[in-house]
Amino acid sequence: MTEAILRSTLGARTTVMAALSYLSVLCFVPLLVDRDDEFVYFHAKQGLVIWMWGVLALFALHVPVLGKWIFGFSSMGVLVFSLLGLVSVVFQRAWKLPLISWVAHRI
């Protein structure tokens, strides 16, 4: 599937929708609006997993002592993976983000 996605030519709308996938709660826009486009759907699923990771990181703040550390490292991970996803959209590639793509594939 990834090879077919890589070979497609992308328009501006497709690129914008795929980029929205990695901007926190905006990942739901491509999931609901552009579900038929494989490139957008691929990135939207990865963006959804990153968003869920961020939400779970917020709950880590309720853990005494270690909660702040868990939240800090998780926030850094969310930021790094979101930036990697945005870079892959800019280069019009469907990079499988480590661990994120494994979970996204099962959604």
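Cβ atoms here come from the backbone N, Cα and C positions, even for glycine.
Source: prediction; values computed, not measured.
According to Swiss-Prot, the topological domain 'Cytoplasmic' annotation covers 1-13. Taken from Swiss-Prot, the feature transmembrane segment covers 14-34, 47-67, 70-90, and the record attributes it to sequence analysis. If you look up Swiss-Prot, you'll see 35-46, 91-107 marked as topological domain 'Lumenal'.
The topological domain 'Lumenal' (91-107): residue composition by secondary structure is 6 helix, 0 strand, 11 coil, according to DSSP. If one looks beyond the transmembrane segment (14-34) by at least 6 residues along the same chain, the residues whose Cβ comes under 8 Å of a Cβ in the stretch are 40-41, 43-48, 50-51, 54, 82-83, 85-86, 89-90, 92.
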